[in-house]
Every structure is written in structure tokens, then in C-alpha cells.
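One structure is given below, encoded as C-alpha cells.
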Amino acid sequence: MDLFGQLMRDFPALPASEHIEAGLSGGLDSVVLLHLLARARQVRGFKLGAVHVHHGLNTQADAWADFCRDYCAALDVPLRICRVQVEKNGLGIEAAARQARYRAFSDGSADIIALAHHQDDQVETFMLSAVRGGGLRGLAAMPEWRALNPHLRIWRPLLAFGRSDLAAYAAQHGLQHIEDGSNEDTAFLRNWLRREALPRWQEKIPHLNRQILSNIRMLQQDLALLDEIVAADYQAVCAAGFFSLDTWRALGEARRRHVLLHFLRQHGVSAPQAALRDFSRVLMQSDSGEWRLPDAEVYAYRKRLWLLPRDWHNALPWQPQPLKGRLKDILLQAGFALQPHPHGLPQAWLAQEGIIRAPEPQARIAMPYGHKAVSKILQERHILPAARKVWPLITDTSGSRCLAIAGVCAAADVIDGSTDAWLPVYQPFRRFYDKYSHLKIE
């Protein structure tokens, strides 16, 4: 089989500026893929790089990285080596390592990540999904194209070829590759399936792979239809600019579950099916709730749904330690915008020393009719409860006198009617109180 000829016939139309990065483990499949793409680059002129993810799980990991470095140098392909920590977070080692790889892929500048999965991988994925309960999406195995995030797509150009085709190509071109000894360990289900179970099935059913691949194609068509329906439902649920629980609740049970899953996937977040069902039940019964996932936190409040990165509050510039200095300087350095506002801080106050901090439980601010609890003001503004605890306050150097609540108002006893007054606004937090709130806090 002419792998290169068929690859070029099916090669997507890409602008010359498109940056493809090939995942390179050093194994047979990825070595062949990078060789093919290096040849295609000469014809199509796209930008090509490679990425090697160093999981640190094998004693030979450093040697594999060295092999990939030498191979890329021989092909004149820039290589990015990413060292990652594989954290299980309740996942198996294979799934946790895959998550770590995808995070590493997202950290680069590529438009497309090319991966070397082939037909045999498709068959294995189908079988594993069948025994693990992967549902329709799992049984549909791996699509040729999918979006990893709004800026990065995954491409699998070798799905039309089998492992034997890749081995023949490597032999024809004298390509060397790494043999990962862990692939022989049948304690891992995928290895057992590949080494023992599938060969026995194929002895009895010679056309097994062909039948499974045919089923995968049909399932992918069904999945595409389902995704169309779910996307339309999701658009309706978010038509007002936020995830509306009222609209979501009007859907049937299966559609509600799929829309909630789509909401997570839109932000690169996954969740176990059991946890998804449990949270779905909570949302049917209550307008408020909290759901902590390995990579995100989901909050329901006032019939809206919010998704934030895991431990997002610890990444705020004034957390865990308050910021101290000349107010205008520290506000701008921390990412605040200063907006003209009749109830803002006069320029004279911005020139003074002060503090940006999260509110203490007893924090109060001067209002025209007397002092009022900051927590009460934020509650009246319908600020998400989790955000109230870390909402930025601007105080004097003692930390006890509140000069302003970011995005809300300055204290009545500092407002002087000046036209040169400014309200500090922390831009990511605008989504907590704008009429058309976004679904995610960056």
C-alpha cells in the first residue's frame, strides 16, 4: 500500500501558515506519522513541529526523549518536549496519562495536533468501550477530526491504515523506533486485548476488524446526528447569554444529560456518567448547588449555571495575600480596568497607598445612609456566593477602611463629586454581574 500517496490524496486543504504539531512518542506509529508529514511538508509547505510528552512513568523515559530529539533533528523538525505529572484524580493510569498529554498539547502554539492512531487502535477502542460501558461516544471510537479547544484541533490521518501497513512503511524507509516494554504487559486491559483476546477472535472471525470498522462508521454518523440535536438544545438553553436552568429543565431527561455534558465539553472538562446523573438530579430540584470536578468547579445560582477552573479563587492576584502599594499601580498590575464613574474613587485617592484584598466577614463600607455590610451589598447584586468570599475590596493601608468595592461603588465618604473619578473593575468578574453573563471565568 502506498501510504504517502493515499495520505496526499486525502490531505486537507491547509493555508501555508497552518502549524501542525505531530505527537511523537518514539514508537513505530508516531515515527511513521512524522516521516509522512515531513514529506508532505515539502509538497504543501505548512509549518511542521513535533511534541514529545515525557510522562516520567518509565525508567527509559529520558532515553526516549533523546531518541525523539535525534529523530526530529534528522528530519529538520522542531521538537517540543513537555514534562508532565500524571495525577490519577480517580482515573486509571492510562486515562490520567492521556489527560496529561492533552494538556501538554494545548500548551503549544500549533493549530493542529496530528496523532498516529490507526485502524487497529480503532478496533481496540471499540472493544474496550464495549466492556467499560463507554456508550455511543465510546463505541464510535476516534474521529478523524475533533476540536480539543477553540484554537486547537486533533487530526488522526492514519485511521485508514492498519498496524501492518505502518510496519511495512517503516521497513521500506529504514525507520528506527522505540519498543516500549510496558506494551507487552497483559496486566493492562488494552495490551491483553491486543496480545491475547483479539487474535483469538480473529482466528474464528477473519473479517472481525472489517465488521467492527463498518460499525464504527455507522455509529459515528449516528453520533454526528446526536451532536447536532444537542448543539441546538444547548444554543436554546444559552440563548440569553447564560446557561438557563429553566430552559434546560424543560427538556427530556436524556436531552438534559447530553446538554449538561456538552456544557462541560465546551470548556474541555469531562465527568463520570454517574456524577453527571447525580448533579442533573440536584439541578432539577434546586436553583443552587456546587459540583467539584478534577479540572473545574460548576455552580448553580439563581437559575444559572457557572463553570470556573478548579481552585480558581487561589489564582486571583489578591489571593491568598493582599496586594499593597500605590492604588493605581497595583490595580493596573493586577489586571483591573479603571472606568469613569460618578461614584468612583477620585484621582487623589488612587494616587495614595492602599490595599486590594478579599473581604473579611465583618467588612463594611460607608453608604449615603450609613455603613453597610459588604456581604449584603454583594448579595443584593446577586453575585455568585462563591465569588462574594473573594470579591476584591480596595482599602486604606490599615486594611480596615473600605474605600471601594470593585465593580460596584466607592465609599460615600470618599466620593467628592469630582468628574475625575474612577471605578476599579476586575474584568474577569464582570461576568458575575453583567446582564448577559458569560458561561466561563477565564
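Here, residue 1 is simply the first one shown, and the rest follow in order.
Here the Cβ of each residue, glycine as well, is placed from N, Cα and C on the backbone.
Quick look at what TrEMBL annotates:
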BINDING   S25, G26, G27, L28, D29, S30  ATP binding site
DOMAIN    354-425  domain 'Lysidine-tRNA(Ile) synthetase C-terminal'
Checklist entry - Over all shown protein chains, what is the count of other CB atoms within 10 A of the CB belonging to L28 (ATP binding site)? => result 21
Checklist outcome for this item: Sparsest Cβ environment (other Cβ within 10 Å) among binding-site residues S25, S30 belongs to S25
Checklist entry - Within 8 Å of the centroid of the Cβ atoms of S25, G26, G27, L28, D29, S30, which other residues of that chain place their own Cβ, given that this set defines the recorded ATP site? => result L24, V31, V32, A116, H177, I178
Checklist entry - For D29 (ATP binding site), which residues in the same chain are close in space, meaning a Cβ under 8 Å from its Cβ, but six or more apart along the sequence? => result A116, H117, H118, L158, R163, L166
